[in-house]
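Over in TrEMBL, the protein carries these features:
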{"type": "ACT_SITE", "residues": "Asp51", "note": "active site, charge relay system"}
{"type": "ACT_SITE", "residues": "His89", "note": "active site, charge relay system"}
{"type": "ACT_SITE", "residues": "Ser282", "note": "active site, charge relay system"}
{"type": "DOMAIN", "residues": "359-493", "note": "domain 'P/Homo B'"}
Amino acid sequence: MSDALPNDPLFPLQWHLLNTGQSGGTPGIDLNVVRVWEDYDGSGVVVGVIDDGTETDHPDLAANEDPALGFDFLRPDNRGLPVSKEDMHGTSVSGVIGAVADNGLGGTGVAPGATLGIVHLTLGEPPESISDEALTAESAAIFSYAQEYFDVVNNSWGDSGYVANTPNVQAAIENAVQYGRDGLGTVVVFSAGNNRNISGDSNTDATKRSPFVIAVAAVNHDGVPTFYSSPGTNVLVAAPSDDRIDGNWVCGVVTTDRMGYEGYNTAPSPEGDYAYDFGGTSAAAPEVTGVVALMLEANPDLGYRDVQDILALTARNVDPEGNWAINGATNWNGGGMHVSRDVGYGLVDALAAVRLSETWEGQNTYANLATAESSVEVGQTIPDGQGYVTSSIAVIEDIDVERVVVSFDMEHESSSDLRILLVSPSGTESLLLDQAWPTKNAAWPVDMSLSSTFHLGENSKGTWTLYVADAQGNNLTGTLNSWKIDFYGKEASDDSLYVYTNEYSGMAASDPARTILLDTSGDDVVNVAAVSSGSVVNLTPGTLGLVDGTPLVLAAGTAVETVYAGDGDDGLVGDVADNYLFGGRGNDILMGGLGDDVLDGGQKGVDTAVYTGSRLDYQLVRQDDAVTVSGPEGTDLLRNIDVLSFADGIYAVSALYAPGFAGATGILAS
């Protein structure tokens, strides 16, 4: 895609991609994806759309849909097409992800170059001819298929009573993240659900609370959680969608629709080929799926856990009046991360997520997933309408937490009476359940579990406390027999990653301690790639730096080895040790200092390496597309550097390669 905006005629209406206020909302409340398209469109990434089928001959989808990837477990010859006129949902979901861009038709998808594979799933009430056993087999089979063929898979559906939510389905999802993408893991995205207005909770759906999936909530064009978006501590992030405000539906998502008279828009073609009011978390989830496709194009080596972490680390708080907590992490913008039951870590930021993906180190997959569990017997009656049962577990395992799952052996006559709170050693509160399912008034399910994303970046070691209260006082009672806590994450290490984003200035204003970085052990990384403005990072302790317009200083004794910068014009200065400095985009200035350093200017811009001595104090040797500079400070390897600055002159690196220049300047071909 070119640097210009897409020429698709409906793109100006797609506020979720570029919010200029065209729907009456707040400009900037969107996916922040337009600048990503300068470099990535999802090409080479295969996206599975598990839904009620997609009209694959739609003129805005056909070029991206691969018929060979179509799948229908119950109808092998169908290859993912709709099977009834009620099957219209999937066509709209597919367009949100991968509608073709710059074809002069309709709108565009978030990842308009991605390949779409269509999987038909029975979502409405099934025909009597389809048995419960067949539905169970279908639900498990689709994730086995996803494991085999898809890089990321979208699921804009939930436990409707028809889709089987069984241990076999959960095992198939786990297998997908374990074996998909040759062990990197198929990324599994789910909509969080649309039951907020009836006190629903996303955590009550077994697929959405799985530690292996990304559950996506919805915000409207002002960044406020929509009236229907199901909350829950299992929610990771949010994305834009429609809402009902003052009784009126507003800010619908524009996407593809079944052609002509079928679908949501029953006008004739071509007008009827597009839906103008698609919504729900069904629209939010495929937006995130599209962002994941962009991330995987930028860095195909990301593990499924990396994708989850990056989305959370780069998500934005666009609702300052929301019910936010700050967790006990220490590596995000100088401290803990903001998180809420309504939107998880916030609104997805495609540009920030892609920039962090480009510079992401390491690989977090199922193969190196660290787990631990602890349990305790309780055997206490839950007071009816007053007080609570409390129980604590002292955890000795040392894991950097990504997800927490709490399982219960509990009996209660009315699940909708219960409030269940988990408190971590750092004091972070996860309200795992808050009087959900009021319309069901059902008994507590056998062996129920609830999950939380709230503790990302915290440590498992210490005392975890559970509070269970019956908030109704209606003579429906119960007993907490025992509970167990499972941790998913990575082995604790002295090696740390410190991520800074465009929210650093705001977080530091409310907590000035965030401006001081203290870390005296391990191999550490400062990553400011998600910061749009120019950054100055100086690795010499006590020396002032500037990130997002706000001071950043390394405390005495702190040693950071690596820095990644972002799109601005950055200045990176090393310390006395060996450093790796990466400038990213923009016109960057890199100075390694003492030690043997790697100075990489990154992509685009004019990048300069600075040395304090005179030109003749250094020997320069060309090595393919790199230059080695040896001098008083040490020996540095330079990549993507355009200019060399010495005390007595400035040299264009391109000129140093010119014939006849070598003898005069000391540039030698290796």
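Backbone N, Cα and C define each Cβ position, glycine as well.
When pLDDT values are averaged over the domain 'P/Homo B' (359-493), the model yields 94. It is His89, among the active-site residues Asp51, His89, Ser282, whose Cβ has the fewest other Cβ atoms within 10 Å in the structure shown.
If you take the Cα of Asp51 (active site, charge relay system) and the Cα of His89 (active site, charge relay system), they are about 7 angstrom apart, rounded to a whole number. Between Ser282 (active site, charge relay system) and His89 (active site, charge relay system), the C-alpha separation comes to 9 Å.
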